[in-house]
Amino acid sequence: MKSACLSLLLVSVCWALPFRQSGFMDFMIEDEQGSGSPMPPTRRPPVQTPPVLTEEPEGSFCPFRCQCHLRVVQCSDLGLKNVPEKIPLDSTLLDLQNNKISEIRENDFKGLKGLQTLILVNNKITIIHAKALSSLINLERLYLSKNLLKDVPANIPKSLQELRIHENQITKIKKSSFAGMANVIVMELGSNPLSSSGVDNGAFADLKRVSYIRIADTNITSIPKGLPSSLFELHLDGNKITKVTADSLKGLKNLSKLGLSHNEISVVENGSLANVPHLRELHLDSNMLTSVPAGLPEHKYIQVIYLHSNKIAAVGTEDFCPPGYNTKKAMYSGISLFSNPVPYWEVQPITFRCVFDRSAIQLGNYRKK
Ligand SMILES: *[C@@H]1O[C@H](CO)[C@@H](O)[C@H](O)[C@H]1NC(C)=O
Ligand SMILES: *[C@@H]1O[C@H](CO)[C@@H](O)[C@H](O)[C@H]1NC(C)=O
Ligand SMILES: *[C@@H]1O[C@H](CO)[C@@H](O)[C@H](O)[C@H]1NC(C)=O
């Protein structure tokens, strides 16, 4: 029955149990059913009506002005001040972005056991009731970016795989914020007013499967401690990090991309790179480094290293490549060194003997004043 309804959806309007319909279809229901009391769904010939998708095939209502289709409830850009009522209980995706919702109340999502994706981006949310998310036992993606939240919401379902909560007012990531969230794969926390102590030690420790963490454009001054060993990409650009300690990267055996551009890093401790043996890309441009980080020649996989816009005054022939022409090392495909005080004509060409192609090196351009 359901699939029959779905396939008819575009040529006709298929509804099963209209009970208190609102909108222009009212008279048709009256016509066909008379009393308006619920009737069991019946097959009927296609009716030539405009394709206005106001009903779900299963007989639940679609909130006023939203569109419901294939268990997707689309209520974006409607100026809504609250989460609408009567969201079909079998919905899998609820899109409420670009509205004016300021609060998520305790029962706003009650019974939405099948919901997998909840989009609340670009509202005015300051409060999410501590129990509001508890009923979403199958939630996988929660998008809360561009709101006014001061905290990570409590009781995020353990099923969650992706949390995007950048551009809020969060000042602190507490150790309890992500407790037990073993299914998270993607975590986006950037552009929040986190300061030096804004991330508790071990705040991410329970994220045993996390592959991507981004905490860019905040004011944290160090790399968060106790990052999970499953991490594949770590983006910490645009912060106030002053130092890369070897310790902070310990155990990140799968880390492949590390973004640390636009920080205030003057030191990369010796041993840091040895702790991330599978690193392929390292972005350290726009920092305060005075030398090329140690450990590059011994590093087997690194292929891209951005060091432009630092204070590097000298580059040695052993800074990037192992002695001689050791081919166990992956060739570099990108090295940038421009906007450093080193006079580029003083850098020996042999320095780049393990670079794939000359065009992979960006060297010149430094202007002193
Ligand atoms: C970081 O600090 C600066 C000045 O201390 C402030 O102007 C800026 O808004 C802060 N950024 C964030 C994302 O909190
Ligand atoms: C590292 O990556 C491999 C291959 O993708 C995966 O099998 C392994 O579980 C990962 N290690 C951790 C600690 O997640
Ligand atoms: C870094 O540490 C290694 C091993 O401890 C040592 O051999 C090497 O000289 C050190 N490099 C620098 C630049 O301190």
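Just so it is clear, glycine is given a Cβ too, placed from its N, Cα and C backbone atoms.
If you go by TrEMBL, CYS75 shares a disulfide bond with CYS66, out of CYS66, CYS68. When you check TrEMBL, the disulphide partner of CYS321 from the set CYS68, CYS354 turns out to be CYS354. Neighbours of CYS321 (disulfide bond), defined as other CB atoms within 10 A of its CB across all chains, total 20. Counting only the Cα atoms, the space from CYS75 (disulfide bond) to CYS68 (disulfide bond) is about 9 angstrom. Counting residue by residue with DSSP, the domain 'LRRNT' (61-93) contains 0 helix, 8 strand, 25 coil. When the disulfide-bonded residues CYS62, CYS66, CYS75, CYS354 are compared by the number of other CB atoms within 10 angstroms of each CB, CYS354 has the fewest. Ligand 2 lies within reach of none of the disulfide-bonded residues CYS62, CYS66, CYS68, CYS75, CYS321, CYS354, judged by a C-beta closer than 6 angstroms to any of its atoms.
Model confidence over the domain 'LRRNT' (61-93) stands at 95, taken as the mean pLDDT rounded to a whole number. Distance between Cα atoms for CYS62 (disulfide bond) and CYS321 (disulfide bond): 63 Å, as a whole number.
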